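Have a look at the structure below, then the notes.
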């Protein structure tokens, strides 16, 4: 009876307050006040080409305006100017000696020569000094092929050196530092550009790296022997212009010209960082950041970068059905789909679905459509949210936007730790703290943020105090030009979550400014916003309360549903990529594709839809999630009305048109729960899941399968034990 549709289906599968005050004074002294009127531009000449620039523009920036590239090692657009590599020396007419282009502001009428004999000779001299102590490691260096020193030595260096064996005693050697399981160090290659030091201090907010010694004895290190453990440590690999700091898990794996690169997005948190997936022979080898000023700038969190080895482990590669003896046994797709179809037909419409944190939007729409055709409306997200609050998008979005948080001048964090829940949102807050005199306070447990903040306490009743104007920090928020309140998504799963949400939302209406919405919910789940946008109910308990006879788990691996909560005869179907919590309780396991193996839309915490692109094929018999659901619909006799991705995207456009406009933000209105919330905010302390660095590394099925993430947790635990031992000895 089902043979014909089955063939088609299988085909488809092809005191802090004082610290704040002192910091504000210090920052105000460093940051110049923005003038009310834009300054008049001045004219300078770069290689005899006139350029109009604003006062304060450096020589390097002026040259860049007309496409003239000046070599540099230490300079980076997002870091403070150091001016210590001297590779950017240029000639300025009437100047007695070359000037450092990265650090020298232009003056009116200057004539700058970037390719004169003096400039070329200066660059050759600097390069000769750099190579004097640099080892000839290029054949065995992981940076080979994408090394700034290689490129600039070819373009601007001399063809010979005066430091020969006759006249020179030999190159120096520097001991390598062990700074953790992520960054490999070969410090003999270091050219002392100090990019890593400035990144750690300015962006990551940890002063672990620095310089010791002088002249030829200068070294980059951690002062005392310790690990460089921060949620952003991998970015020093991208910043390092030579092979001194490289990717330790990627060591000796591949050369740049051997790999294929695919632009995609990260889904291991709700930021939606833009990434480049590097692959070879159908294997993901590494992940690098891709620049997007609105989302992640050019940074990438460590979990997003290094957890890619989890894509090769604990994978589901064949459909499985649980046998009478309780064991899962691998079967063909035909057998698995028939087993699920039989359970569906016996359920009589008592079916529910739960979407987890790695589910793409297309699969969520396909699951919802399938259950609707089978007579069920019970589709829910694994993560909870307030009842009645999903009708208004502004209720669950980061309305100030990720980039917009840089402009905030007062922020209240409620039940969230952005440093580990969304590291690249935290970098924006730190940026505002450094450059915008941002004042930050938190309600919840004491947390280690990368900037000074005032902890108001952990009692939930403090939310009411602040929002009623009775607290001292209320005056700070009300006096700010762009205030923001950020609520942790996990906090809203509390019994009084709706009351907290409503109280903050009402207060934010008072704080709202033109073109500025201060109400924010920081999601931690890449699939949450998209699911709520297409009509999913919030919380796994919504599905559990329905007591279904068939339950679909779509990448739901957080362990929020157990067999004990379900009817004894409930048939659980898991669709996902990894053997994790969801697969362990399933009666049928249908192997899906991971985010690097499919084209799928994810909506980040600010409501921006972006898509992943496939870099490799799914392993074994695994298929894209929506194709599995399409095939299953054929088998149960309720075929879904789309056979390819374009048709499915057309269906998505009917459901939520804004979700097909990739990369664009759809403005949301004011937050506020539907109806009146009568419950008051309960007492008790607010808690946070991700309090420490060790909590950050394993939060989903992919990172839990990653050996590198396991090494990170071991390293953090080891260092903490050593620190505790030192403290006990000191006492």
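In case you wondered, yes, glycine gets a Cβ from its N, Cα and C as well.
[4Fe-4S] cluster 2 is bound by 190, 193, 196 in Swiss-Prot, and the record lists one more residue there from 141, 240, which is 240. In this structure, the binding-site residues 102, 138, 141, 190, 240 were compared by how many other Cβ atoms lie within 10 Å of their Cβ, and the smallest count belongs to 138. One way to see the shell of the [2Fe-2S] cluster site is to take the Cβ centroid of 74, 85, 88, 102; the remaining same-chain residues with a Cβ within 8 Å of it are 72, 73, 75, 82, 83, 84, 86, 87, 100, 101, 103, 193. Counting residue by residue with DSSP, the domain '2Fe-2S ferredoxin-type' (40-118) contains 9 helix, 21 strand, 49 coil. Each of the binding-site residues 74, 88, 147, 193, 196 was scored by how many other Cβ atoms lie within 10 Å of its Cβ, and the smallest score goes to 147.
A helical conformation is recorded for residue 138 ([4Fe-4S] cluster 1 binding site) in the three-state DSSP classification.
Within 10 Å of residue 193 ([4Fe-4S] cluster 2 binding site), counting CA to CA, the binding-site residues 88, 134, 138, 141, 147 contribute nothing. Residue 134 ([4Fe-4S] cluster 1 binding site) has a Cβ environment of 21 other Cβ atoms inside 10 Å. The separation of residue 138 ([4Fe-4S] cluster 1 binding site) from residue 74 ([2Fe-2S] cluster binding site), Cα to Cα, is 20 Å. What surrounds the [4Fe-4S] cluster 2 site, by Cβ distance within 8 Å of the Cβ centroid and not counting 190, 193, 196, 240, is the set 191, 192, 194, 195, 197, 220, 236, 239, 241, 242, 244, 245 from the same chain.
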